[in-house]
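Colleague: Not my notes, these are from TrEMBL:
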type	residues	note
SIGNAL	1-22	signal peptide
BINDING	Asp57, His168, Thr170, Glu333	Mg(2+) binding site
BINDING	Asp57, Asp338, His342, Asp379, His380, His454	Zn(2+) binding site
ACT_SITE	Ser107	active site, phosphoserine intermediate
Amino acid sequence: MYPSSYWVLLTVCSFFLLHVRGDRESFNEKAQTLLQRNLHRTENKNVARNVIIVVGDGMSLATVAAARVLKGQKAGRSGVGEEMLYETFPNVGLARTYATDKYVPDSASTATAFLCGVKTKYEGVGVDESVLHADCSSVPGTEVRCIGEWAMAEGKAVGLVTNMRVTHATPAPLYAHTANRWWESDANFKSESERALCKDIARQLIEDYPGKNLQVILGGGREALMPNTTFDPEYPEKRGKRGDHRQLIETWKKHKEEGKHRYRYVWNKKDFDKVDHRKTEYLLGLFEPAHLHDVTDREDQKSDFDEPTLAEMTEKAIRILSRNSRGFFLLVEGGLIDKRHHSGKAVRAVSEALDLENAVRKALELTSREDTLLVVTSDHSQGMNFAGYANVGEDIFGIADISNVDGMPYTTLMYSTGPGYKISSTGRVNITGVNTAHKDYLQQATVPRSTATHGGEDVGVYAIGPMAHLFTGVYDQNYIAHAMAYAACIGRNKDHCKGMSPSGAQQLGKWKWWTQVALALIIAAFY
């Protein structure tokens with residue numbers, strides 16, 4: 001007889017071998033499934049009647065990786081092998097994000113690239129690189145037409161959704177042209193000469209083409225549209241910011257009344273929910289004086305924020321814009337990812353990246369892959385690092401390891417710069433026992449700064465729908481605007497669509513039915 005310890009050892013070894021074999025087979029099966037999907041993939045060459053671009057501001061590849069781990073851990077899994085919904089899209093590329101004068105860009109220059117088709121200088125909005133920074137006199141002649149105008153010229157509806165101020169850097173190039181992204185209202189000008197020469201971004205949104213023709217505008221930032229003598233409807237202690245006494249919200253309403261349009265202006269969730277998309281041509285929703293609230297605060301359920309989620313705003317926008325028989329273009333921005341990266345709070349930032357997936361899912365639910373191009377990307381990277389050698393299953397916001405130099409722990413997620421830089425008399429601050437998974441914990445940073453900086457690495461581009469194959473490869477970010485326009489037959493490439501159905505329904509190439517079914521099943525797995 002073998003000793004009992006032998007059988008114990010054999011049992012343990014057998015379990016281990018079976019476990020390894022099971023993992024080995026699961027890896028093989030997953031790889032084979034993906035291989036077959038790719039082998040049977042054909043290019044969808046339909047015309048894109050609709051185009052939706054979802055932008056995770058500051059959603060670096062490290063942020064995406066951390067978000068997918070968080071996704072799994074929230075579901076009770078380890079986080080390994082998870083996928084974000086958009087990572088299952090059939091076409092993926094990388095975009096180079098530099099500004100013409102900076103290796104590491106800002107959101108205005110990058111949004112100008114992917115919305116207008118040209119790169120520009122740091123903090124430039126809807127202008128080419130010949131503009132002089134913060135010099136209004138240099139703007140005339142540098143303005144560039146952007147994809148919103150291209151779409152409107154073909155009779156399409158255009159809208160924007162953001163959880164930031166609607167006058168902020170990412171949405172602004174859709175409708176504005178300025179030498180300084182921070183000129184959101186007249187209160188941001190530093191001199192009377194600037195006020196006399198420059199037209200602020202909020203005024204361009206409400207008074208000028210194409211801003212005044214946007215059929216859906218949803219986000220925050222009503223303070224830039226209200227005089228500093230007018231109290232905010234939600235916060236009686238706050239006022240607007242405008243010093244010129246312009247009531248831009250009232251101007252917007254008047255313009256719609258003069259055009260005999262069916263319109264709604266809302267500033268709270270209750271009124272937003274009452275908006276009937278079947279009876280609304282134009283919708284302006286401004287739910288906060290500045291930016292909207294973080295998803296981590298909403299999840300705490302300690303405060304009842306009177307505002308819709310990014311996914312809810314996306315749904316409302318699509319339902320309204322879809323009523324246009326010629327199709328639509330929609331920009332959706334999850335800007336709080338970047339805002340919280342700047343504050344050095346990885347828990348908040350990565351949670352926002354995970355929440356963005358809900359908006360992507362809603363866009364997929366409400367549209368067809370046959371006639372709607374959906375692009376998910378980021379404007380630029382961020383300085384958060386996903387490093388160390390944490391064991392699988394450890395909290396993504398937890399401790400990675402102990403330093404072999406100072407003997408103190410460090411987290412899996414850290415920042416290269418930012419407010420998390422702290423030292424003691426003996427060196428690094430010891431975070432033993434600290435709750436690093438708290439939403440307001442400041443991840444340690446290498447270099448002290450009041451805010452963390454952006455990163456200069458490429459960002460991911462994920463595409464599905466008509467002409468999505470155009471987004472495969474590595475390219476300058478401004479290419480995205482050209483590819484979207486080509487797919488939708490708008491802008492400078494519209495002539496390739498001559499002779500096709502004006503509705504964009506004519507099909508140039510058809511996916512094999514089993515490819516469509518496989519993709520539908522993959523997407524359904526995320527619902």
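The backbone N, Cα and C atoms fix where each Cβ goes, and this holds for glycine too.
Note: TrEMBL annotation is automatic and uncurated.
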Colleague: By the DSSP assignment reduced to helix, strand and coil, which category contains Asp338 (Zn(2+) binding site)?
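Modeller: Asp338 (Zn(2+) binding site) sits in a helix per DSSP.
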Colleague: Give me the count of other Cβ atoms within 10 A of the Cβ belonging to His454 (Zn(2+) binding site).
Modeller: 24
Colleague: Within 10 Å of the Cβ of the residue listed as 'active site, phosphoserine intermediate', how many other Cβ atoms can you find? Include all protein chains, please.
Modeller: 27
Colleague: Can you give me the same-chain residues 6 or more apart in sequence from His168 (Mg(2+) binding site) with a CB-CB distance under 8 Å?
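Modeller: Counting only residues 6 or more apart in sequence, the Cβ neighbours of His168 (Mg(2+) binding site) under 8 Å are Ser107, Thr162, Glu184, Gly221, His291, Gly335.
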Colleague: Around the recorded Mg(2+) site, report the further residues of that chain (criterion: Cβ within 8 Å of the mean position of the Cβ atoms of Asp57, His168, Thr170, Glu333; site residues excluded), sequence-ordered.
Modeller: Val55, Ser107, Ala111, Thr162, Met164, Ala169, Pro171, Gly334, Gly335, Asp338, Asp379
Colleague: When neighbour density is defined as the number of other C-beta atoms within 10 angstroms of a residue's C-beta, which of the binding-site residues His342, His380 has the lowest density?
Modeller: His342
Colleague: Validating a neighbour-count step here. Other CB atoms within 10 A of the CB of Asp379 (Zn(2+) binding site): how many?
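Modeller: Result for Asp379 (Zn(2+) binding site): 30 neighbouring Cβ atoms inside 10 Å.
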Colleague: Can you see whether DSSP assigns His380 (Zn(2+) binding site) to helix, strand or coil?
Modeller: coil
Colleague: So if I draw a 10 Å sphere around the Cβ of Thr170 (Mg(2+) binding site), how many other Cβ atoms end up inside it?
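Modeller: Total other Cβ atoms inside 10 Å, all chains included: 28.
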Colleague: Over all shown protein chains, what is the count of other CB atoms within 10 A of the CB belonging to Asp338 (Zn(2+) binding site)?
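Modeller: 32, counting other Cβ atoms within 10 Å of Asp338 (Zn(2+) binding site).
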Colleague: Could you check which of the binding-site residues Asp57, Thr170, Glu333 is the closest Cα neighbour of His342 (Zn(2+) binding site)?
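Modeller: Comparing Cα positions, the candidate nearest His342 (Zn(2+) binding site) turns out to be Asp57.
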Colleague: Going by Cα-Cα distance, pick out whichever of the binding-site residues Asp57, Thr170, Glu333 is nearest to His454 (Zn(2+) binding site).
Modeller: Asp57
Colleague: Say you check the Cα of Asp379 (Zn(2+) binding site) against those of the binding-site residues Asp57, Thr170, Glu333; which is nearest?
Modeller: Asp57
Colleague: Counting across all protein chains shown, how many other Cβ atoms sit within 10 Å of the Cβ of Asp57 (Mg(2+) binding site)?
Modeller: 29
Colleague: Return the residues near Glu333 (Mg(2+) binding site), defined as same-chain residues 6+ apart in sequence whose C-beta is under 8 angstroms from its C-beta, sorted by sequence, else 'none'.
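Modeller: In sequence order, the residues whose Cβ lies under 8 Å from that of Glu333 (Mg(2+) binding site) (at least 6 apart) are Val54, Val55, Asp57, Leu160, Val161, Thr162, Asn163, Met164, Thr170, Pro171.
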